[in-house]
């Protein structure tokens, strides 16, 4: 079973999350992803243990503010006795005095942040969900081209890294080379480099290079959403693959249960593979915006044939 310690969460967000109580229990285990709103638990309607981090924000503070001191204490006892691994107080939860008093019995780690609930969802909750996500490892290179996460695949030695280097020289962003960790959040896939290989790339004939040192911090990225998969194939060695000639529809490749848009690009000496990949990304974006070059071409041909027929 995957797990995350509260102290690991605190360390990850030490610049924006402060531990204000429960210092002895930061080894508590977070067993469930996400952040949990706990109004029903505060009302005593649920009695099962809480495995995820609880969040108290504007809604919960407003609810407590309408109660007497004794009622507030009982409500907070209802929550704390369910032993959540930690509780995060948002910026809107402005007065934790009663909570800290009741927590003397339970010593649940209480974290305070200047984030609102929405900001916590995009930062802390996303991080927690990533730790619990199913992770697959795939051999390839991950970049961000024109804002689109592109996973380059292909057999070893076909030139993925060299193609990626060309794209980096065109100011596209580098995420990782060789062993890419891919994880699913909802119906979206994200990718990152393995920790040991982060920032590094192997170029045959040159060796290992540190992309961040060579090209600067601005050219690297920690992770990206994978929207497009491009498989490089040797044109000389392919006898079974029928390559797309018109491109009326986007192919799909399933990865971790998510269908990714997929291109197969033949490579051979003299072909500018990096420019073809840039064109593939533009084609992908245009198709998603509703424009299809192949269909436009077909309609144009039909119009020409019709005009010639009418003239004859």
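Even glycines carry a Cβ here, placed using N, Cα and C.
What you are looking at is a predicted structure, and each value in this text was computed from that prediction instead of being measured.
Non-local contacts of residue 139 (active site) by the CB criterion (under 8 A, 6+ apart in sequence, same chain) comprise 153, 156, 178, 179, 180. Summarising the annotation, Swiss-Prot assigns active site to 139 (among others).
The active site feature in Swiss-Prot is assigned to 160 (among others); the stated evidence is similarity to another entry. Neighbour list (residue 160 (active site), Cβ cut-off 8 Å, at least 6 residues apart, same chain): 140, 141, 152, 153, 154, 177, 232.
Taking all protein chains in view, 19 other C-beta atoms sit within 10 angstroms of the C-beta of residue 178 (active site, proton acceptor). Taken from Swiss-Prot, the feature active site, proton acceptor applies to 178.
Annotation comment: Swiss-Prot describes 245 (among others) as active site, evidence class similarity to another entry.
Under the DSSP three-state reduction, residue 160 (active site) is assigned to helix. Residues annotated as ATP binding site in Swiss-Prot: 154, 155, 156, 157, 158, 159, 160, 161.
Annotated Mg(2+) binding site per Swiss-Prot: 161, 202, in sequence order. The Cβ of residue 202 (Mg(2+) binding site) lies under 8 Å from the Cβ of 161, 177, 178, 208, 209, each on the same chain and at least six residues away in sequence.
The feature region 'Important for the catalytic mechanism of dephosphorylation' is assigned by Swiss-Prot to 266-271.
Packing around residue 154 (ATP binding site) is summarised by its Cβ count: 20 other Cβ atoms lie within 10 angstroms of its Cβ, all protein chains included. Apart from 154, 155, 156, 157, 158, 159, 160, 161, the ATP site neighbourhood in this chain, defined by C-beta within 8 angstroms of the site C-beta centre, holds 232. Helix, strand and coil residue tallies for the region 'Important for the catalytic mechanism of dephosphorylation' (266-271), in that order: 0 helix, 2 strand, 4 coil [DSSP]. DSSP assigns residue 202 (Mg(2+) binding site) to a strand segment in the three-state reduction. Mean predicted confidence for the region 'Important for the catalytic mechanism of dephosphorylation' (266-271): the pLDDT average there is 77. Spatially close to residue 157 (ATP binding site) yet at least six residues away along the chain are 204, judged by Cβ distances under 8 angstroms. Local packing around the Cβ, expressed as the count of other Cβ atoms within 10 angstroms, is greatest for 161 among the binding-site residues 156, 161.
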